[in-house]
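Novice: As annotated by TrEMBL, transmembrane segment applies to B:58-79, B:86-103, B:109-134, B:141-162, B:174-205, B:233-258, B:278-298, B:305-322.
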Amino acid sequence: MSVLVLDHLSVSRGTQRPLAEVCLTVEPGECIGLIGPNGAGKSTLLRATLGLVAATGRSSLAALPAAARARTAAFLPQGREIAWPLPVIDLVALAQGGRRTAPEVGAALARMDLAALAQRPASALSGGEQARVLIARALAQNTPLLLADEPIAGLDPAHQIACMQLFADLAANGRSVIVALHDLALAARFCTRLVVLAGGRIVADGTPRAVLTAALLEEVFAIRCHLDEIEGAPVVFPLAPVPRGER
Amino acid sequence: MTPARLYTLLGILVAGLFLAALLTGVAAVDPVTALRALMTGGEGPVGIVMREIRLPRALLAAMVGACLGLSGAALQGLLRNPMAEPGVIGISAAAGLGAVLALQTGLAAAYAFALPAAALVGALAGVGAILFLAGAGGGTLALILAGIALSALCSAATALVLNLSPNPFAAQDIVFWMMGSLADVSFTHVLLAAPLMALGAFLLWRTGPGLEALTLGEEAAASMGVNLARLRLSVVLGTAAAVGAATAVAGTVGFVGLVVPHVLRPLVNAHPSRLLPAAALGGAGLVLAADIAVRLVLPGQDLKIGVLLALVGAPVFLHLIWRMRGAA
């Protein structure tokens, strides 16, 4: 059974439509990379999916009551806000109503390699460590679906790979992940499916190999790329912007 | 320190200060006689002083302080800003304007009830204006801006009333009232304020889990099942009821709602929900202590509690900021 169904989901802001007629069905085991240039509507799509912004059309998730929604999907917003210097373990435990002893909390701390930092106040951590704490919080919610908005922005290469590997592992274990990101190479390597947004619409949807073509990268991202393959996964290496006259 | 232990210690502190407040005053009464008169309901002058003057004054000091501390903690949690305090949403200024109008029109002189009642009407009108301006489902920024606008408008209107005051005595009454004081309160004031304070405290109390989740920002909190619109409404209405009632009986007592949550936050590991009861107890203790101090520092001079709190509190706050700067 599908984890998420979006049916002609649209968001209007004045005369603009940051999201237009998006239809998407997510199955268990899918790790979906949401890619597209800045302003393509990636964040708006995630917010509308969760019901955080007013939208027309239907999101099966937004239609749920708040408590059921929180049991179905965890959300990792783009802004990494930690307002107060709570101990790491208590921040992660927020996903379980503050119960530190919940097994999900311990598992999420261990999975994100945070056990040694559990009692430290979040304010004493580096930016990368704080990002891992927030991912652990989302994991501790233990939901079939995880929505992450640019979770790897600002992380060092090792933690970017570790984070994407985590999402791929979650999907391999039957959960579903939708992750918005800009790194096309990591998206190609770790996602089972890529959804390309441009101008608020889905312009491509398929396996990384099918989606990442020179023509699409030129049209949507306005870049020329070197396309290759390593260990069976497509590799995208951006080379240069498409000159203005040729767009 | 575990939360239970902190609450116990703060509770003991408040109880001790409450007892000290009962035993402090102009009339020289030895403690044993005073407490015996209070307990046994003695009919003599000592009994009347204890029951009619000191008991309501101590009770109101604790209630006003608890309301200010609790509201400050809830607002700081909602706005995720340690600089937030009840004044930021304009309720104190609106209640103040109501009271000033009662003093100006002479209503307050005609009916003892008129002054606090007018302050409550002011607070109520203020919260109505805030909710109308920010919209019930409006965002946090809209709420702060509406509060600042309301606060500025009420201050301007208060200044206008002072400006047009027909005689210097009315103006003096207004200025003194705005400094905040717990002198001359009776059980009438306690009974007037108690139901609203209880309602406000009830509303604020229940915001704990929502404020806790809000540590991760509004979107994350909403995705964890928090109803943000209802949470904002609870904090605004709770603060209006609690601080409106406190201002009605004690005048403008600033600073408590700002500094008490700030000082106690490290002791509760920064948990917004655990800060609520701690700040209520801490606020009660601080106002009780200040009300004892105004009677001891300048006996017979009627030093205003708002003045003392600002005089002592501001340097303490500066010291805290200094230390924070050193730590960072």
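Yeah, the Cβs are placed from backbone N, Cα and C, and that goes for glycine too.
Automatic prediction, not curation, is the source of TrEMBL annotations.
Computed from a predicted structure; not experimentally measured.
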Novice: With a Cβ cut-off under 8 Å, give me the same-chain residues at least six positions beyond the ends of the transmembrane segment (B:233-258) that come close to it.
Specialist: 60, 63-65, 67-72, 74-75, 77-78, 83-87, 89, 91-92, 94-96, 99, 115-117, 119-120, 122-124, 126-127, 130-131, 136, 143, 177-182, 185, 189-190, 192-193, 196-197, 199-204, 206-207, 210, 283, 286-287, 304-306, 309-310, 313-314, 317
Novice: Checking distant contacts: for the transmembrane segment (B:109-134), what same-chain residues at least six beyond its ends satisfy Cβ-Cβ under 8 A?
Specialist: 89-91, 93-99, 101-103, 142-143, 145-147, 149-150, 154, 177, 188-189, 192-193, 196, 233, 236-237, 240-241, 243-245, 247-249
Novice: Which residues of the chain, 6 or more past the ends of the transmembrane segment (B:141-162), have a CB below 8 A from one of its CBs?
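Specialist: Tertiary neighbours of the transmembrane segment (B:141-162) are 79, 87-90, 92-94, 96-97, 100-101, 104, 122, 126, 129-130, 133-135, 171, 174-175, 178, 232, 236.
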Novice: Applying the under-8 angstroms CB criterion, which one of B:58-79, B:86-103, B:278-298 scores highest with the transmembrane segment (B:305-322)?
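Specialist: The listed stretch sharing the most Cβ pairs with the transmembrane segment (B:305-322) is B:278-298.
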Novice: What stretch of B:86-103, B:174-205, B:278-298 shows the most Cβ pairs under 8 Å to the transmembrane segment (B:58-79)?
Specialist: B:278-298
